[in-house]
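Worksheet for the structure shown next.
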Amino acid sequence: MEASIAVIKGDGIGPEIVDEAVKVLKAVEKKYGHEFHFEALLAGGAAIDQVGECLPEVTVEKAKKSDAVLLGAVGGPKWDTLEGSKRPEKALLGLRKSLNLYCNMRPAVIYDALLSASPLKDSITKGGIDVLVIRELTGGIYFGEKKRQGESAYDVMSYSKDEIRRISIKAFEAARKRKKKVTSVDKANVLETSRLWRETVNEVASSYPDVTLNHLYVDNASMQLVINPSQFDVILTENMFGDILSDEASMITGSIGLLPSASLSDGKKGMYEPIHGSAPDIAGMNIANPLATILSAAMMLRYSLNLDKEAEDVDKAVKAVLDKGFRTKDIAKEGESWISTSEMGSLVEGEIL
Ligand code: IPM
Ligand code: MG
């Protein structure tokens with residue numbers, strides 16, 4: 001098959017990790033006889049430096065025309081002093097909104113080979129961790145009106161039933177392919193948006209009698225994640241709660257450098273990026289872990305390009321490399337030897353070819 005893939009390397013370690021993911025995608029292309037057309041686009045700090053704005057119009061236009069977007073990471077201290085609307089992060093928000101990527105999927109799993117990497121006690125992780133956080137990505141407080149007035153400021157959090165309904169459907173559909181359990185997280189004891197959220201999720205649930213639904217307040221959910229993570233299958237939540245809980249869910253696996261994400265719209269179009277940030281402190285050193293980006297590319301094969309078998313091939317290649325004991329610095333134990341970003345990418349490539 002033929003597919004057009006927009007590639008946004010971004011800032012910090014972005015270029016290094018994206019290069020490895022592209023290497024792996026090229027291996028898939030070769031092995032299965034596909035034709036992927038990669039097009040490099042600018043966004044984030046790199047775009048600010050080169051063209052004076054974090055999200056050039058041409059990037060949005062071309063991203064819209066492509067089948068999928070692969071992104072490294074954006075941001076860094078260099079641009080931290082810019083005002084809110086000009087920061088590199090704004091590029092991410094702009095891409096999410098203009099491509100209507102309302103469904104953010106962030107799987108947090110512990111790999112067998114890395115069981116000991118979790119900061120939680122064995123007695124807590126023994127039930128396994130395999131959580132899929134489904135975060136609403138284009139609404140809520142992130143996109144409501146914001147204003148600074150003298151000594152005060154506000155950010156409006158609002159949701160419509162339609163916005164809640166469509167993300168809930170995605171969560172129930174995903175749960176059907178997993179352990180058939182949805183935990184919806186809100187703050188319905190305080191927030192009106194959360195009461196609407198809960199009501200709407202309950203309505204959608206009535207069409208999925210085969211899926212179990214429970215509701216948790218966000219404060220309780222954050223506790224449950226560290227005391228009993230194996231109770232979770234799919235966590236469905238709004239934008240900001242999802243931002244926070246997905247960081248927590250990824251951290252308890254102990255290997256944030258391995259966790260991918262997909263941001264999807266109604267059709268096949270999606271944007272794929274690692275969960276971690278641009279890690280400016282280690283940029284250019286060839287020591288970052290490219291696996292989260294490689295696994296994001298696997299999600300892209302699965303969700304945007306309908307290439308399930310190829311996606312599985314990439315997932316398996318990553319697992320094989322880990323099982324053989326290869327580690328990048330971030331996941332190597334004290335005293336254990338580790339390999340570089342590009343060596344890790346080449347090993348995964350080698351497993352595929
Ligand atoms: C994330 C990030 C972004 C967010 C930032 C960089 C705007 O934290 O993707 O989770 O808050 O959504
Ligand atoms: Mg975040």
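The first residue you see is number 1, and the count goes up from there.
Backbone N, Cα and C atoms are what each Cβ position is placed from, and that goes for glycine too.
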Determine which of Arg135, Arg148, Arg176, Arg178 appears in TrEMBL for the same substrate site as Arg96, Arg106, Asp219.
Arg135
Quick one: largest C-alpha distance among Arg96, Arg106, Arg135, Asp219, binding substrate per the record, in angstrom?
27
For Arg135 (substrate binding site), what is the secondary structure state per DSSP, taken as helix, strand or coil?
strand
Sparsest-packed among the binding-site residues, when each Cβ's other Cβ atoms within 10 Å are tallied, from Asp219, Asp243, Asp247:
Asp219
Beyond the site residues Asp219, Asp243, Asp247: chain residues whose C-beta lies within 8 Å of the centroid, for Mg(2+):
Val218, Ser222, Met240, Phe241, Gly242, Ile244, Leu245, Ser246, Glu248
How far is it from Asp247 (Mg(2+) binding site) to Ala283 (NAD(+) binding site), counting Cα to Cα, in Å?
21
